[in-house]
Amino acid sequence: MFSKQVTDSKVYQWFNDRLEIQAISDDITSKYVPPHVNIFYCLGGITLVCFLVQFATGFAMTFYYKPTVTEAFSSVQYIMNEVNFGWLIRSIHRWSASMMVLMMILHVFRVYLTGGFKKPRELTWMTGVILAVITVSFGVTGYSLPWDQVGYWAVKIVSGVPAAIPVVGDQMVELLRGGQSVGQATLTRFYSLHTFVFPWLIAVFMLAHFLMIRKQGISGPL
């Protein structure tokens, strides 16, 4: 993985004595890749790349976005029209969001069709399903943040869906909205979920997902 010139350098030796870089490098480069693996096995990795793009562009927009019902829409317009390359950052965020959902769906189909969910990879499949739910939840919460007509009514419809659940439905609706109706508390909740709760959740389950894949390897052909 590293050239002889690099491994012989004093800087490399200093880090290797403390972090065992060479052992980590050997473990990565010696991992067996089955011969049946093709481009469709890259869909999960592409989904990860889309998430990283989402994280970077979303973080950039938090410097200008204002999560209030009176300023949310105008702050998005400011990002699009006044911030240097703001239109590009937001557009990339939107495009990569759509791409992430698409790649996630294709990845789920690939795993299912190739039997990658079978023993001993049941837990890997379960964490993947959880990641899929979080990904869709990202889309739902992010869709509302511009707080335009589309976002507002999307929130109103989505947050009203749990009302059909017996016994606890009305309580769930009130929890999502932060009250009886859609308003500032609703936007605050969705913003918090989108920028803090879901990123942490997806990072934790991604780590678990990748560690299990690393431990068990790629499933064999059907």
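Each residue, glycine too, has its Cβ placed from N, Cα and C.
Computed from a predicted structure; not experimentally measured.
If you look up Swiss-Prot, you'll see 39-59, 97-117, 123-143, 193-213 marked as transmembrane segment. For C42, the entry in Swiss-Prot reads heme c binding site, with the evidence type sequence analysis. Marked as heme b 2 binding site by Swiss-Prot: H93, H194. Taken from Swiss-Prot, the feature heme b 1 binding site applies to H107, H209, supported by sequence analysis.
Inclusion criterion for the binding-site residues H93, H194, H209: a C-alpha placed within 10 angstroms of the C-alpha of the residue listed as 'heme c binding site'; this criterion is met by none of them.
Non-local neighbourhood of H107 (heme b 1 binding site): L43, G44, T47, G128, each in the same chain, at least six residues away, with C-beta under 8 Å from its C-beta. All chains included, 19 other C-beta atoms sit within 10 angstroms of the C-beta of H93 (heme b 2 binding site).
A helical conformation is recorded for H194 (heme b 2 binding site) in the three-state DSSP classification. In this structure the alpha carbons, written CA, of H194 (heme b 2 binding site) and H209 (heme b 1 binding site) are 21 Å apart. The most densely surrounded of the binding-site residues C42, H194 is H194 (count of other Cβ atoms within 10 A of its Cβ).
Across the fold, the C-alpha of H209 (heme b 1 binding site) and the C-alpha of H93 (heme b 2 binding site) stand 24 Å from each other. Packing around H209 (heme b 1 binding site) is summarised by its Cβ count: 21 other Cβ atoms lie within 10 angstroms of its Cβ, all protein chains included.
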